[in-house]
Amino acid sequence: MTSLHLKKFRRIVVKVGSSLLIDSDAGEVRAAWLSALADDIAGLHGEGRDVLIVSSGSIALGRSKLKLPRGPLKLEESQAAAAVGQIALARIWSKVLGDHGIGAGQILVTLQDTEERRRYLNARSTIAKLLDWRAVPVINENDTVATNEIRYGDNDRLAARVATMASADLLILLSDIDGLYDAPPHLNPDAKLIPVVKRVTADIEAMAGSAASELSRGGMQTKIEAAKIATTAGTHMLIASGKIEHPLRAVMDGGRCTWFMTPANPVTARKRWIAGSLEPKGTLTIDAGAVAALRAGKSLLPAGVIRVDGQFARGDAVIVRGPNTHEIGRGLVAYDAVDAEKIKGRSSCDAAQILGISGRAEMIHRDDLVVGGPRGGAG
């Protein structure tokens, strides 16, 4: 499918499940396979693309190192096994990426980190900085503190949330099956692979049977749920086989997979959400120079703010008005109302000294800002 190629995407999230990473019989990492995957990732990285990894495996690795018997684990046993396995998992990814001169940064998240706005922004900022430094974030659910009531439950949906958080334009779910079929292929030899899903409909959801393995918590149903999350937020998704060596290279060479399409890009979808779905908690009035900068696609700096109104927290939506009080746009503010009042009209360097912390240089980053009206003018 020539119109869909990995080279078209600038920021890619790759999800690797436990059943691919760990040899279930030996309880060890599939080293040769992982090395081949790291080669693929290094190739994308070397072309200037941002790559993020969502990796399962901490519980399975911990269970192996602790020599725990097969079978279900109690919650506290899973949490303790994850504590051991997370160290091993981080070391493994650091080694295979380090062999290519790429730094790896471990990020452990919980459900609340994507549901609670301030924690979401903190996680997103960390991911953005790692990518700025050309490191590869390696992300997993923090199974040591997650409970049955407050967890993602599988890394397919976690990967979709991470893709949304990172404004990725492609999510790749490596699986033990090479895509979505119109019937269970292990039961029906005539089952046909569906190469492209333009929209997740009830019929598509009905095709997702139960295909979970002992090591992983995910199946095709969770992958369809992930597709709904990702495509709604503006991220394309594909399911491809991870059982082969160099699975990403295989996709690039036209290998079998299923693409889930999105009608919008991540930035467009995100900005539509900011503009239309969030209730503004306050107002920032800015000078004419800042209006021109915003309409030229720049971020809003503290120096351009002349008035702060309302009670808002970091990450809340605010209205941005020009000096004549006309609305210029809306955005997610990087400081709460108290700190914004302290640093309005000041340089970013002065703002850091005033607050006693080295926070974000921008009052509102351009990725968090929706500007309306024609370019130019004072608003």
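Heads up, residue numbers simply count up from 1 along the chain you see.
Glycine is no exception: its Cβ is also placed from the backbone N, Cα and C atoms.
As given in Swiss-Prot:
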type    : residues              : note
BINDING : Lys15, Ser175, Asp176 : ATP binding site
BINDING : Ser56, Asp143, Asn155 : substrate binding site
DOMAIN  : 281-358               : domain 'PUA'
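Secondary structure by DSSP for the domain 'PUA' (281-358): 26 helix, 23 strand, 29 coil. When the Cα atoms are compared, Lys15 (ATP binding site) and Asn155 (substrate binding site) turn out to be 7 Å apart. All protein chains included, Asp143 (substrate binding site) registers 23 other Cβ atoms within 10 Å of its own Cβ. Residues Lys15, Ser175, Asp176, recorded as binding ATP, reach a greatest CA to CA spacing of 12 Å. Each residue contributes its Cα atom, and for Asp143 (substrate binding site) and Asp176 (ATP binding site) those atoms are 23 Å apart. Here the C-alpha separation of Ser175 (ATP binding site) and Ser56 (substrate binding site) works out to 12 Å. Cβ neighbours within 10 Å of Ser175 (ATP binding site), excluding its own Cβ and spanning all shown chains: 28. Listed binding-site residues: Ser56, Asn155; maximum Cβ neighbour count within 10 Å falls on Ser56. Secondary structure from DSSP puts Asn155 (substrate binding site) in a helix. The two recorded residues, Asn155 (substrate binding site) and Asp176 (ATP binding site), have Cα atoms 14 Å apart.
Rounded to the nearest whole angstrom, the C-alpha distance between Asp176 (ATP binding site) and Ser56 (substrate binding site) is 14. Of all residue pairs in the substrate-binding list (Ser56, Asp143, Asn155), the one with the greatest Cα separation is 11 Å apart. Every protein chain shown contributes to the tally, and the Cβ of Lys15 (ATP binding site) ends up with 31 other Cβ atoms within 10 Å.
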